[in-house]
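Pulled from Swiss-Prot:
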{"type": "BINDING", "residues": "Asp439, Glu440, Met441, Gly442, Leu443, Gly444, Lys445, Thr446", "note": "ATP binding site"}
{"type": "COMPBIAS", "residues": "92-108", "note": "compositional bias 'Basic and acidic residues'"}
{"type": "COMPBIAS", "residues": "174-184", "note": "compositional bias 'Polar residues'"}
{"type": "COMPBIAS", "residues": "186-203", "note": "compositional bias 'Basic and acidic residues'"}
{"type": "COMPBIAS", "residues": "217-227", "note": "compositional bias 'Acidic residues'"}
{"type": "COMPBIAS", "residues": "230-246", "note": "compositional bias 'Polar residues'"}
{"type": "DOMAIN", "residues": "426-592", "note": "domain 'Helicase ATP-binding'"}
{"type": "DOMAIN", "residues": "766-923", "note": "domain 'Helicase C-terminal'"}
{"type": "REGION", "residues": "89-109", "note": "region 'Disordered'"}
{"type": "REGION", "residues": "174-246", "note": "region 'Disordered'"}
{"type": "MOTIF", "residues": "543-546", "note": "motif 'DEGH box'"}
Amino acid sequence: MKRKDNKELICIPSSSPPSTPIREENYYLLTSSPIECSPIQQLDLSGSFKNYSTTSSRANGKKFGQLAMQSRIFFDTTDHKKYVESSYAAYDPHDQPPERDVSLKESSNKINPSNFFDSEQITKINAVKKRFPALDSEMIIATLEKFNWRENITIHKLTFQKLLGRGNSTINKSAQKLNNQPIEKSSVDKENAKRKRYVEEGTKQGQKKKPLRVIELSDEETNEDDLLGQSPTACTTDANIDNSIPENSDKIEEVSIESSGPSEVEDEMSEYDVRVLNFLNESTLQEIVEVSGCESKVVEYFISKRPFPSLEKAEALCQRNAHAATGKRKKSDGRNVGRKLVNSTYEVLQGFDAVDSLIAKCERYGAMISNTMRSWHNLFDDKKMEQFLNTSTGSISYEYNSQQPSSIASGITLKSYQIVGLNWLCLMYKAKLSGILADEMGLGKTCQVISFLASLKEKGIQNRHLVVVPSSTLGNWLREFEKFCPSLRVESYSGTQSERINKRYYLMDTDFDVLVTTYQLASGSRDDRSFLRKQRFDISIFDEGHYLKNRMSERYKHLMNIPANFRLLITGTPLQNNLKELISLLAFMLPKVFDNNMQGLDIIYKIKTTSDGDIERAYLSQERISRAKTIMNPFILRRRKENVLSDLPPKIQHVEYCHMEETQLSLYLSVLELKNLVNANRENILMQLRKAALHQLLFRSQYNLETLSLMSKRILREDAYLDANPQYIFEDMEVMSDFELHKLADQYRHLHPFALKGKPWMDSAKVKKLCSLLKKSRPNERILIFSQFTQVLDILEYVLNTLDLEFLRLDGSTPVETRQQLIDDFHTNENYKVFLLSTKSGGFGINLTCANIVILFDCSFNPFDDMQAEDRAHRVGQTRPVHVYRLITKNTIEENIRRLANTKLTLESSLTTDSEKIQKEISGELMKSLQMDGRVDTMDGSVV
């Protein structure tokens, strides 16, 4: 646009700090190249302009950069000669005239940030520049300004753009512009809808209103600044000032708008702007609360005002009505509430897109694996094969081998499905990928892994391999190596600190094929971790791979630092229906694919769950969980017993209901009344109800305070308590159960008079049912008894001693070095009728096929824990039918737990091995049922 005098002007945005002087009589020369000089003498470290002088030196005139455009000065392109003469009049005539830069790129490279930014801002610029060296300085500065110099948010945004394939295109656009090359508009830009941005110019009291000056940019310039959805057509704050220079200097327009009210400026909504706006306009209350993390009251008010025509309208409503929504007074004006809702939603959506982008990288590898497995179709049924087929082209050259390795010990023959597993492992290794061997418990995963390592050695691959296992299975792995392939040279890395020091020196001078160690040592001390890293293993195998589900844990990070060419995870549990855990497993298996890209996923891990629900329940996450599982299929091999084992004996399930007697029932009802207390803790009440259904000795009802006072004084006569404080002892006794106090009295001579009379440990509904089952068992039958609680195992020891039955016990307190010996003793010595085990320690990774009866004394919240325990006996090598007995106390909370656990097993949306999550869900449902009716059925059918 031209003025009446035919002069063309370009006007620069003018929302500068209050200290910035405005000199409208000064004109700058504007050509197709950047401005040559600036009358601004210098810019202090705080970012404010100092008074300029026309007598400044030429050196100060060189202190010019892109940010000089932020000064509130007009440019007259027609009178530029007059301006040049006046601006150089005071310069030293002996100095050479300032050189003109011929390109924007050269000018931007000459910018010295120290002249325009303080030290903190310079540090942030360098941090972003180090992370994204391909971006030029002006792009980095503009992005930092957009996000108020928050470098973490800037890096996240740039990372997402890079992950989604937009970062490179943006950089290319910038490079094209710098070289004066034509720029093509992306398809996303063409599809973006126009939107209006309402901008308010804030003015302080007593401050003069400043004219708004707008630069009209060409399409090419709009594309260049479209990095993160930012539109450069209009901005009114320093953080959003456009720093680009119009290439067509003939089109210059002067616009003067007062800042007393909002102004409408045409802008384009970015891809994410449209998605966020649609999400906020269409999603439910719970979904917005889960994603944004805002309070329900704020979101309710927000929803009541929908739909919103723009994100700015949504932000403004939340900002202006935050107090009305919450009903609370705060020092701030509440503007951050609305900003948090929109920004949090924006970041979460980008986080999910980052997940999609990373998962997409796995599709190519999955296609190669599945296409190779087409030739194995005769080994799978059609339905199973469909899960592996992919329409993508490309495959891996691999010939299926139906023979087992010749180095496998004589007398051992791999089953057909194990041969398939061996070939799958070899295929993944040849493809330089990684995988998860997730066969159901008892199908011989250990045997398949050992055969895989033996096969590699026969092919001439003489490398070292690492096997990381839980402490309870270390001895079993060593025995399995010796049993299946004695030709493999296997070493164990375990023992005390001094023993491990000697072991490290020994291993440095020893040739071995496989090193077996535990999770505790592999992620423990610095010396152990350093030793394992220096070994440069070819293959790293991780038993019970679900231990690596948390990418943020120290264990995960330490194990990830152990270099390996191939990683294999072994697990017998189903994969978690949890986006974070699926991504963690993928990242651990394929670190090269995920390298330098995981930072963008941190937002997913920072999503806070609310009391109203869990982020994994939102549809946003569900569709990606489904896709992640589908893509992971080629990297996972999972078979079930009923599909591959025709000769495995059946597993027969029994549910034995136990009826409480009067004493136990009275105790249970008294605990049930606690739920009516105002300050009652939900989790504590549920635990107390479970204890009451198990055994009354788990409470303190027979030892009163007077008795405890006497016991605390008498115990001082014992040598172990000569110097003890009786008050402290009394306080400890107050929180002990009747059975713990009885054990204490039974242990120390001076407390014998306080021991319980008779055999009260036999007076429990479940104990009586257990005794009945033990008496019915045949002489040649061996029995495994599992319990969640070690104190229950203590009671069962007294029960078995009363029945005069020999038994063994293994729980979390059992030393690692003695666990395998206990298992061997149970296998070889038939005098041991019963093996007592804790569900957590004894339910994973051990082989107890010599037993054919499994008794679950109490059920776990997580049904998969119970299934693991059952399969200690029902696995390869079992020759007899396995009977599983679940003891359920009738008309108690145990029935509810069992019913809800069965529901979890049948619902695909709840296939998870996260015990804490399942316990939280079941606890909530149980408390709701208790609060609704507050009733309990007695043993005779009446209702209390």
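Glycine is treated like the rest: Cβ placed from N, Cα and C.
Positions of the features from Swiss-Prot, shown on the structure.
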residue	record	Cβ contacts under 8 Å, 6 or more apart
Asp439	ATP binding site	Gly421, Lys445, Gln448, Gly572, Leu637, Arg638, Arg639
Glu440	ATP binding site	Gly572, Arg638, Arg639, Arg640, Lys641, Asp871
Met441	ATP binding site	Gly572, Met867, Gln868, Asp871, Arg875
Gly442	ATP binding site	Gly572, Lys641, Leu648, Asp871, His874, Arg875, Val876, Gln878
Leu443	ATP binding site	Tyr417, Gln418, Arg639, Lys641, Val644, Leu645, Arg875, Val876
Gly444	ATP binding site	Lys415, Gln418, Arg875, Val876
Thr446	ATP binding site	Asn476, Trp477, Glu480, Phe484, Ile570
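Sequence-distant contacts of the motif 'DEGH box' (543-546) (same chain, six or more residues past either end, CB-CB distance under 8 Å): 436, 467-470, 473, 477, 569-571, 573, 576, 585, 844-845, 913. Counting residues per DSSP class in helix, strand and coil order gives 2 helix, 0 strand, 2 coil for the motif 'DEGH box' (543-546). Using a 10 Å Cβ-Cβ cutoff, Lys445 (ATP binding site) registers 22 neighbours. Taking the centroid of the Cβ atoms of Asp439, Glu440, Met441, Gly442, Leu443, Gly444, Lys445, Thr446 as the ATP site, the other same-chain residues with Cβ within 8 Å of it are Gly572, Arg875, Val876.
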